[in-house]
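Everything on this sheet refers to the single structure shown next.
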Amino acid sequence: MGPLHQFLLLLITALSQALNTTVLQGMAGQSLRVSCTYDALKHWGRRKAWCRQLGEEGPCQRVVSTHGVWLLAFLKKRNGSTVIADDTLAGTVTITLKNLQAGDAGLYQCQSLRGREAEVLQKVLVEVLEDPLDDQDAGDLWVPEESSSFEGAQVEHSTSRNQETSFPPTSILLLLACVLLSKFLAASILWAVARGRQKPGTPVVRGLDCGQDAGHQLQILTGPGGT
């Protein structure tokens with residue numbers, strides 16, 4: 001790694017500290033995983049999105065967003081090589097950038113959507129490294145994180161591992177609870193309707209049976225007296 005590259009890396013780290021931005025680095029051709037945490041209660045019922053900021057003051061162009069039905073936010077949504085999934089109970093939205101290319105480098109945002117408004121959860125600066133075989137240089141990338149001058153910056157390095165995880169268990173439990181609750185309510189309604197249809201006929205049958213029994217008993221009691 002040349003001195004110019006190291007200087008640029010230090011400059012980017014200092015800039016990210018000033019902008020409260022997380023720096024993530026990944027190798028070209030491999031995958032990079034981004035996790036944005038948020039307040040689960042504050043952002044309850046809101047969709048999440050991953051967008052790319054165009055320029056320093058430009059708009060943020062949306063890349064991918066979570067499922068339109070909030071209860072299904074744990075399902076993975078894909079747009080090209082970018083995948084997003086949201087664990088709404090844990091308060092973590094995960095974005096996976098597959099097959100990183102040099103053009104994927106840039107400034108991104110994790111957003112919480114509320115109608116037409118978008119609240120920034122986290123800013124992420126993605127760096128794509130061109131030489132995945134140079135382990136010596138890759139190890140040197142951790143120097144800015146250990147430096148006391150840039151203590152507040154967050155720099156991470158990603159390798160090509162199968163980082164796709166299964167569906168978040170908390171969201172699955174929530175979905176199963178809703179399904180079971182809906183089935184219970186449906187069964188209760190059917191039982192109430194069936195019982196309501198039986199009620200009108202029941203007293204009539206019982207009344208006729210009681211009347212016949214009473215008449216039969218009356219004939220038996222008055223029979224000996226009349227003869």
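Even glycines carry a Cβ here, placed using N, Cα and C.
Annotated 1,2-diacyl-sn-glycero-3-phospho-L-serine binding site per Swiss-Prot: HIS67, THR88, in sequence order. Under the heading disulfide bond, Swiss-Prot lists CYS36-CYS110, CYS51-CYS60. Marked as domain 'Ig-like V-type' by Swiss-Prot: 29-112. The signal peptide annotation in Swiss-Prot covers 1-18, and the record cites sequence analysis as its basis. Positions annotated as topological domain 'Extracellular' by Swiss-Prot: 19-171. Taken from Swiss-Prot, the feature topological domain 'Cytoplasmic' covers 193-227, and the record attributes it to sequence analysis. Annotation source Swiss-Prot lists transmembrane segment at 172-192.
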Pairwise Cα distance for CYS51 (disulfide bond)/THR88 (1,2-diacyl-sn-glycero-3-phospho-L-serine binding site) [Å, integer]:
19
Which whole number is the mean pLDDT over the topological domain 'Cytoplasmic' (193-227)?
55
List the recorded positions among CYS60, HIS67, THR88 whose C-alpha is within 10 Å of the C-alpha of CYS36 (disulfide bond), in sequence order, or say none.
none
Counting every protein chain present, what is the number of Cβ atoms, excluding its own, within 10 Å of the Cβ of CYS110 (disulfide bond)?
24
Select one residue from CYS36, CYS60: among these disulfide-bonded residues, choose the one with the most other Cβ atoms within 10 Å of its Cβ.
CYS36
List, in sequence order, the same-chain residues at least six positions removed whose CB sits under 8 Å from that of HIS67 (1,2-diacyl-sn-glycero-3-phospho-L-serine binding site)?
ARG47, ALA73, LEU75, LYS77
